[in-house]
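Colleague: This is the structure, below, for whatever I ask next.
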Amino acid sequence: MIKLSRKTIAFIAAALVVTTFIIACSKSGGNTNTLDPSANGFDKTAMLTNYADNLIIPAYTNLQTQANLLETAVNTFLTTPNTANQVTLKNVFKDTYLRYQDVSVDQFGPAETALLSNFSNTFPADSVVIEGNITRGTYSLTSNASINQQGFPALDYLLFNLHAINDFTGATAVNRKKYVQDVVTNLKTRVATVLSAWKGSYRATFIGNTRSDSGSPIAFLINQFAFEMDQLKGPRIGWPFGKQSGGTMFPNNTEGFNAGISVALATQNLTALKTMFNGNGSGTGMSDYLVALKQQKLSTDVMAQFDKAINSLKTVPDPYVTAMSNNKTQIEAAYREIQILLTLIKTDVASATGVRITYQDTDGD
Amino acid sequence: MFLSAINRLQRPVSIAPLVTFRILFGLMMLAGTIRFWANGWITQQYVTPKFYFTYMGFEWVHPLGNTGMHFIFGVIALATICITAGLFYRVAVVVFFAAFTYVELIDVTNYLNHYYFISLISFLLIWLPANRYLSVDVRIWPKLKCTHVPLWTIGIIRLQIAIVYFFAGLAKLNPDWMLHALPMKIWLPAKSHLPLIGGLMYKEWIAYLFSWFGAFYDLFIAFFLINRKTRPMAYVFVLGFHISTAIFFPGIGMFPYVMIISSFAFFSSGYHQKLLAFFIGKNQLIPTSNYRYPAILRVLLPGVIGIYFLLQIIIPLRFLAYPGHLFWYEEGYRFSWRVMLMEKSGNTFFTVKEPSTGKTYEVDNSKYLTPLQDKMMSTQPDMILRYAHYLADIYTKRGIKSPAVYAECHVALNGERSRLYIDTTVNLAMQSLSWKHYKWVLPFTKNEK
């Protein structure tokens, strides 16, 4: 038999007292503010408040404002479908799509409920089904099956494909105009729904939950960073370039293909991600949380890698289709940098913050 | 000495602890099954995946489709009800063991120590006369009724629990856990949302306290539970420890409750007898009859049980046969009661190359794996290899001639920065799955083999 020394027993007894104390405290559900959080580490509430008030809500507000401008420009073009109006429209469309990239990482809470990302930006759009919808004049833009028949990718196809101007004066013009307007209205409605939820009760829910387990804002943010990086590496840059298909390219599958703005969108996506990661340099971002967790070097490395990846993306010119044959080296380099950043976020950052990268809930041990 | 020990083990004691254990175990398994079903995990884990990571030697185990898997869980639920009620007990517990173990063998992804524990316990229950009192079986066949059983029938449950705790404690005696308070140092700051003590979670000493307390608890709790004098206090520890793990780490699911309920078996026959009497209103069990095993089992059982427990000691120690850092290679990691022992995450990109054309195809893991499978695969070499073999099959079917599969995998262990995990120059399609040391896993430190 193992004999225990008095010391060991005393140690265990002391440990028990502390544990009991801890349990008693955590069950009593007291006030979090009895200890000054900043003195004891990091103020997560301040971080989440910064995210909600200075980044997420303004990003949706800007998107909403820009979507109204888009609606006006779309209507002008639909009334008079000519090259000049199309050029003007393309600029407004690009600006709106760029503002969408700012909220692309925020797909949790109200955006997740409204399936904003699915309905606004599932690319490529299915032009065959869209044309069928227009010809028939009957369609639903609310069913889950319709996600690739609407949003920015559908507008990109309808407004900027090579025969777009002719189409709006051709046989299907009336139905086509209505379809475009329906898509714009639908997009605006979804953005409005999400924004009003944020301005309503969700802001408090978001700020009030400083947990890190699955379903919490912090876990959502880190998981979304990883998810967006996956999207960037795959559908936005890598897969159209033939990374998945032995070099066979799929230029039509890029985001914003018809408007020829794929790289600009990808760059903005990554830039917005960087802004989110460091909380727009406010001192209360995820990068600062890492510092509080004694991961200063990791925080610096991630920020540096963001810059590297953004800069290497910027060396690739739009339209991406042309770049795919003329700038292979630059694309390969950008792809590499994106992959390094993805690993840093998915592995090192997730590990350091104790957040599980999984879009699926289960038990663990 | 030896003989007297054997005799002591044969000594008849009240059947009460066995009966309580049967009822509690049955009820808990029923709750667990309902919870699993309600969470939609049957579909998520056993219907949705296109590919399953089987166990070596169990490649023939396959899921049964949507209806089939739900049917199996229905059977498990029914078996738990029968176990609780003591109705067709022997059949029910065999069915439970077989069905539960079958489900666990489908996919390595879902391996959890407490699922393994449940399989083991239900295997032991097959051999125990837990239905001979307070059961429907006794109502139907009154001749079955027994009030006393050999001590060892309760003893083997206690021994099994003691083994779990002790090896869990031994596993914690490593430099990361004891000297650096890892992974607690990483996990606790994520718990700063807890009221009152939240702010403390950033303090290093708290991480050390948790680590050391956890290690001592696991190593010694079984001894304190065995000892009659320390038992009540020890059980307070059991409650305190497991309830706090449930509060701090809700992600571990049923585990704390499994241990709380199982450890209850350490209480004496007399205690359990009073407990049962409280519920059924009799003062005590009138000693009517002792359970006697059939002659053939009396010959066979000591051998079977001996081998069983020998394996229970060898299996958690098999890691000693492998070189290299255990947490890194995970050779001999499973089935060893290593619970919440490390923070490990990784991500893996696979590239398939066709040697004859030089064409490369990067793999989108989400096409073949669920997020959970992808995550689990990325840090476990045997799963990486299985997946690589699967990819070789898939790409061969797609018309690629003798595809070579390469993995670029980065893994971060216990707060260290991520580093390359798999030799990127090794064609994994050509590596065979075996019990041998994996040469294609890059060493954790430079001087390792």
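Cβ coordinates are placed from backbone N, Cα and C, and glycine is handled just like the others.
All annotation found in TrEMBL is predicted automatically rather than curated by experts.
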Colleague: Pick from B:173-192, B:233-252: which range has transmembrane segment per TrEMBL?
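Modeller: Per TrEMBL, the stretch marked transmembrane segment is B:233-252.
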Colleague: Checking feature assignment: transmembrane segment per TrEMBL, candidates B:21-40, B:81-100. Which range matches?
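Modeller: Checked against TrEMBL: transmembrane segment maps to B:21-40.
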Colleague: Please figure out which one of B:21-40, B:149-168, B:233-252, B:293-315 racks up the most CB pairs under 8 Å against the transmembrane segment (B:111-128).
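Modeller: Between the stretches B:21-40, B:149-168, B:233-252, B:293-315, B:149-168 has the largest tally.
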Colleague: So are the transmembrane segment (B:293-315) and the transmembrane segment (B:149-168) touching or not, going by 3+ C-beta pairs under 8 A with a sequence gap of 6 or more?
Modeller: yes
Colleague: So what's near the transmembrane segment (B:233-252) in sequence-distant terms, Cβ-Cβ under 8 Å and 6+ beyond its ends?
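Modeller: Distant contacts of the transmembrane segment (B:233-252): 187-188, 191, 194, 213-214, 217, 221, 224-225, 227, 259-260, 263-264, 266-267, 339-340.
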Colleague: Six or more residues beyond either end and a Cβ under 8 Å away: which residues meet both conditions relative to the transmembrane segment (B:21-40)?
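Modeller: Result: 70, 73, 76-77, 80-86, 89, 96, 100, 118, 121, 125, 130-131, 134-135, 154, 157, 254, 257-258, 261-262, 264-265.
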Colleague: What average pLDDT does the predicted model assign to the domain 'HTTM-like' (B:10-271)?
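Modeller: For the domain 'HTTM-like' (B:10-271), the model's average pLDDT rounds to 94.
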